[in-house]
Amino acid sequence: NFSRVTEFILLGLSDTRELQVLFFTFFFLAYAMVLLGNLLIIVTVRTDPKLSSPMYFLLCNLSFIDICCTSVTSPRMLVDLLSQRKVIAFEDCIAQLFFLHFVGASEMFLLTVMAYDRYTAICKPLHYTAIMSRQVCWVLVSACWAGGFLHSIVQTLLTIQLPFCGPNTIDNYFCDVPPVIRLACTDIYITEWLMVSNSGLISLVCFLVLVTSYTFILVTIRVHITEGHWKALSTCASHVMVVTLFFVPCIFIYLHPFSTFPSDKHICVICTVFSPVMNPLIYTLRNNEVKASMWKLWKRCRV
């Protein structure tokens, strides 16, 4: 692609040493919480037969994706925070971009499937078992991964076909499409609109589907609210918080021409760090079944 750039320099979140140490401490703790919290959810769901419903199967997959998503950016960011010169090779940058969009888009699709699962459970309870069978769940999860892979392939191919001949400074703490293609030494008007129509529209459409599903749920339970409906509504409220933390920053970042807006690196922190941290907290602290299963797992481990 006629590129002469062999490496990129990441500016990170700050060039002040004191802030870098503070950021390292905070993001290290956040990364540890993501790993431990989501691994705990996966082990709990896998070891407790009572958590065999489709909702917990999808939750287990969401925890795995969260681990993958934050592991794409956080380890590199932690190393760079302690380094004087934050350099990433061109090939490593493209690889990070690919895997970020791979797991990120997969998570978008999975959150949409989880919303459909809640809609089916509340609005069509008599047909729920047949509609959300284990085979259907596996097909839906596989489709999420396949959709994320196709999305990421498109983004990566559109990026690597651009010529990069300098400058090579990325105003971010990881390699993402917007800051990388800004450095291309060619007209990127068509490319960035193709990327906006890909990433931006995927984020927006998935978010609208989620909002629609929750609207149907609220309409269904508005007449009479039983104890079961309150439980389902509490689960949906947790889901809405996760969706808001994840989708709103993504829509803001990817649904506009990249070259006309400044760096969004501080907004990226929300969907790459805060959202994966909040998932285990929200799904455990607001779910009595998961908390009870974790308590039983803890007692078994102590014995």
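The backbone N, Cα and C atoms fix where each Cβ goes, and this holds for glycine too.
Taken from TrEMBL, the feature domain 'G-protein coupled receptors family 1 profile' applies to 37-283.
Look at TrEMBL and you will find 20-43 (among others) tagged as transmembrane segment.
Residues annotated as transmembrane segment in TrEMBL: 55-74 (among others).
The transmembrane segment feature in TrEMBL is assigned to 94-116 (among others). Long-range contacts of the transmembrane segment (94-116) within its own chain (CB-CB distance under 8 A, at least 6 residues past either end) are made by residues 55, 58-59, 61-62, 65-66, 68-69, 72-73, 76, 88, 140-141, 143-145, 147-149, 151-153, 155-156, 159-160, 174-177, 180, 199, 202-203, 206, 209-210, 213-214, 239, 242-243, 246-247, 250, 271.
Note on the transmembrane segment (136-154): residues 54, 57-58, 61, 98-99, 101-110, 113, 198-199, 202 of its chain, located 6 or more positions outside it, place their CB under 8 angstroms from a CB of the stretch. Here TrEMBL flags 136-154 (among others) as transmembrane segment.
A Cβ distance under 8 Å defines the sequence-distant neighbours of the transmembrane segment (201-221), meaning residues of its chain 6+ beyond its ends; these are 105, 108-109, 111-112, 115-116, 118-119, 122-123, 151, 229, 232-233, 236, 239-240, 243, 247-248, 250-251, 254-255. For 201-221 (among others), the entry in TrEMBL reads transmembrane segment.
Taken from TrEMBL, the feature transmembrane segment applies to 233-255 (among others).
Taken from TrEMBL, the feature transmembrane segment applies to 267-285 (among others).
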